[in-house]
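Novice: Quick one: this structure, given as structure tokens, is what I'll be asking you about.
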Amino acid sequence: MAHEKFSIPENFTLAQSLQLLYSVVKNQYKNLADLIINSKGNKDTVTYGKIHKNLDTLLVYVNEGLRKIEKTYTLKKGLGNLVVDHPELRSIIEDFQILGQDIRIARRKAETLMAEGNGSPSLSSSSSVLGLGTGNGLRFPKLWRMGSKRDKLKEADEKEAKINKQADNIRRARKLEEEKKLGAKLQYERDLELQREKLIELKVKEKVEFEVAQKLEEERVKREEEERKHREQAEKKRISTLKHERKTNYKSRASLDNFSSSSKSSGKIDNSLIKRRSLDVVRTSGERVRTPVRKSMEAAEIGMAAQLAWSQYQNGANHSKVSNNGSHSNELQIRYKPTPPLKKRYDYKKPTVNRPIIKSPTLNRQNSKSSRNIPTNSKLKASKSNTNKVSRRNEQNLEPSSPVLVSATAVPAESKPMRSKSGTPDKESSASSSLDSRKEDILKSVQGVDRNACEQILNEILVTDEKVYWEDIAGLRNAKNSLKEAVVYPFLRPDLFKGLREPVRGMLLFGPPGTGKTMIAKAVATESNSTFFSVSASSLLSKYLGESEKLVRALFYMAKKLSPSIIFIDEIDSMLTARSDNENESSRRIKTELLIQWSSLSSATAQSEDRNNTLDSRVLVLGATNLPWAIDDAARRRFSRKLYIPLPDYETRLYHLKRLMAKQKNSLQDLDYELITEMTEGFSGSDLTSLAKEAAMEPIRDLGDKLMFADFDKIRGIEIKDFQNALLTIKKSVSSESLQKYEEWSSKFGSNGS
């Protein structure tokens, strides 16, 4: 070892070189330590001197190896500052510190044993010192101390004590870390054991429930079988009893007939029979004659016989054949007089309501005043209708959110249909028939617009079969409240929203894609009982010159006639982009016509209020876009409200996930839902739906080729690992840069206060 030097193999990295040096020194140290243990009983000072010298040589070997590593890998700052740039080498450097301490301890022990053999006190001389200096606690000295001069022993001892202290700290930190890892491992094993116990408990519970259900099913089948057998026995017993009674009656009659015939032929009657008297003297006084009796008679024949008897009685056909028996039959016929036929029931049919409007409170007061002047006879005749009115008012009061709806035509109040949110089939059919009749009336009296364009609007743009309610939309509480205040309440109670409280004529919903803007528009139309026009660019654009403008004009005309109505323009940025010099002439004409018709809504409302004192132009233009900054300035001015529809927050995502998984077989717990919700930060509503669909496909994929023969009930439920796998495929569709852009536009132009 004294003549050997550490050599670094080619293509070795810094970590590999340090590891090679450490393994060589570690093996040499183990051999010398074993030699000290084996020579402990021997007092040969020569052996201990060799061991002491070899340990010094080992320290010199380590020193030269570290210096060579520094030189080879050009470590200008030394190995002490290596951890700053290479934190992965901290462990090997700490191992060198601990190994240096072990070598010094072994050397001190060999020195002590050698001194005991010579009978002189040991000298704490050190020819070489392997340790780390002060500073960050990870700095190697440039040169290891060599030599054993007595004037430097004190300094060497102090330095060695400092190095030992650092090594002890490293040992203590490693011990604490190992204890911490051991504790974490034990805790993990305990958690696994608890989960295993819970799983076993659930399986046992499921098995017990299955066995109990199976046993109950067997008992039910057994009980039904016993009941069936009991019924069969009872039926057999009843049949046998009837047969026995019939047989007994037949034998008694036969014996009585035989007895009467024999008594007549002999002319002798027993004295016991003479003493017997019957209570029915009249019937028994005559001669007994047996006549064949019909055992059964059909109901139709009985009715025909009764009708025949009644007709004969009316015509007097029986008077010529009157006899004692005939008088008795007439009495029977008179006794059973047929009842007169019942009158047909009067079915009341409600008149068709053409258009529902709001009943004004002043009209109720006028009706109450006029009812006081009605004569008493008319009041008595109308008492029944008044009771119906009271009952219907009580029914209407059960729905505080819906106002009283009356017809625009002169229809009695008791015959006016109610529109409720539940939407029974009869009410929906009546509403659809009313809408159809209104459309026919409007098409018959079209003025100022093209009739064909109106028909195209009704066929392609009018939506009547989609019903979406507030409960179908998760979250977005602020947007719902703003829409209720700005649209729903004014449409349902226009008598309260007049003047400065007049409802807005334009509202813009903007935000990232997949946040539910289209569903909100449909929910507004449903909740406000409005006619819904869903407009897209393809429904208004035409290749013929001037046709697009006609369609726009017809759209607003039909919206006014079928008010209250909502014109919903999805992706409105495609139709109302900012105008420029390079724009096409046809698209500019469409924008101009759309803006003109839009501006006419406010003036049309004022004129209709002045003429008819009714609200016939409750029309709202509702737009949705993902690019609000691309809309023309004039169109943006007409949007009185601009609502930002953000991405769903934590609570909304949790509620949406639970609603998606409510009708799907799954084994998810509340903690699983919360974990999935945290993992889907930044997902939109459509992204969550796509994620749930992808997770629902995982149990199907596990079946593989067994899919065609698998039982649906035996397919496993959705687990949290399915969502983890789905997250590898489904990513969020909105970037943070896009969200920042939406928030900046909302703070600049949006209706933040609503």
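Note that Cβ sites are derived from N, Cα and C of the backbone, with glycine treated the same way.
The annotation ATP binding site is assigned in Swiss-Prot to Gly511, Pro512, Pro513, Gly514, Thr515, Gly516, Lys517, Thr518. The compositional bias 'Basic and acidic residues' annotation in Swiss-Prot covers 219-238. What Swiss-Prot records for 239-250 is compositional bias 'Basic residues'. Per Swiss-Prot, compositional bias 'Low complexity' is recorded for 255-269. Taken from Swiss-Prot, the feature compositional bias 'Polar residues' covers 317-332, 361-389. The phosphoserine annotation in Swiss-Prot covers Ser255, and the record cites a large-scale study or a structure entry as its basis. According to Swiss-Prot, the feature region 'Disordered' maps to 219-269, 317-439.
Have a look at these and tell me how they're positioned relative to everything else.
Specialist: Its Cβ taken as reference, Lys517 (ATP binding site) is surrounded by 25 other Cβ atoms within 10 Å in the chains shown.
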Novice: In the structure shown, which of the binding-site residues Thr515, Thr518 has the fewest Cβ neighbours within 10 Å?
Specialist: Thr518
Novice: With a 10 Å radius around each C-beta, find which of these binding-site residues (Gly511, Pro512, Pro513, Gly514, Gly516) has the fewest other C-beta atoms nearby.
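Specialist: Counting other Cβ atoms within 10 Å of each of the binding-site residues Gly511, Pro512, Pro513, Gly514, Gly516 gives the minimum at Pro513.
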Novice: Going by DSSP, how much of the compositional bias 'Basic residues' (239-250) is helix, how much is strand and how much is coil, in residues?
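Specialist: Summed by class, the stretch gives 12 helix, 0 strand, 0 coil.
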Novice: Helix, strand or coil at Thr518 (ATP binding site), per DSSP?
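Specialist: Where Thr518 (ATP binding site) sits, the three-state DSSP reduction gives helix.
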Novice: Compute the mean position of the Cβ atoms of Gly511, Pro512, Pro513, Gly514, Thr515, Gly516, Lys517, Thr518, which form the recorded ATP site, and then list in sequence order the other residues of that chain whose Cβ is within 8 Å of it.
Specialist: Ala624, Asn626, Ile645, Ser684, Gly685, Ser686
Novice: DSSP secondary structure for Gly511 (ATP binding site), reduced to helix/strand/coil, please.
Specialist: coil
